[in-house]
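Student: Okay, here's the structure, questions in a sec.
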Amino acid sequence: KEGYIVNYYDGCKYACAKLGDNDYCLRECKARYGKGAGGYCYAFGCWCTHLYEQAVVWPLPKKKCN
């Protein structure tokens, strides 16, 4: 599974500015989803890879980013 890491509080994606390989995104994806996860900046959001099937990713149901 893959997807954008999401802030549970506000429903927004984790933003990033440096597209492609991005230490911030990689660190955040690993912190949320475990050391086997990967991450990079895609379309100015942190995209996480190698996730378990039940991983919660953006968009959150009933939670719109403001």
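Glycine residues also receive a Cβ, built from the backbone N, Cα and C atoms like all the rest.
Annotation source Swiss-Prot lists domain 'LCN-type CS-alpha/beta' at 1-66, citing sequence analysis. According to Swiss-Prot, the feature disulfide bond maps to C12-C65, C16-C41, C25-C46, C29-C48.
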Student: Quick one: what's DSSP say for C41 (disulfide bond), helix, strand or coil?
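Tutor: Once the DSSP labels are grouped into three classes, C41 (disulfide bond) ends up as strand.
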Student: Drop a 10 Å sphere on every Cβ of the disulfide-bonded residues C12, C25, C41, C48 and tell me which sphere holds the fewest other Cβ atoms.
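Tutor: The disulfide-bonded residues C12, C25, C41, C48 were compared, and C12 has the fewest Cβ atoms within 10 Å.
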Student: Round to the nearest Å and give the CA-to-CA distance linking C12 (disulfide bond) with C29 (disulfide bond).
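Tutor: About 15 Å separate the Cα atoms of these two residues.
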Student: Near C16 (disulfide bond) in space, meaning Cα within 10 angstroms, which of the disulfide-bonded residues do we find among C29, C48, C65?
Tutor: none
Student: When the number of other CB atoms within 10 A of each residue's CB is tallied over all shown chains, which of the disulfide-bonded residues C16, C29, C46, C65 has the maximum?
Tutor: C29
Student: Express the distance between the Cα positions of C29 (disulfide bond) and C46 (disulfide bond) as a whole number of Å.
Tutor: 8
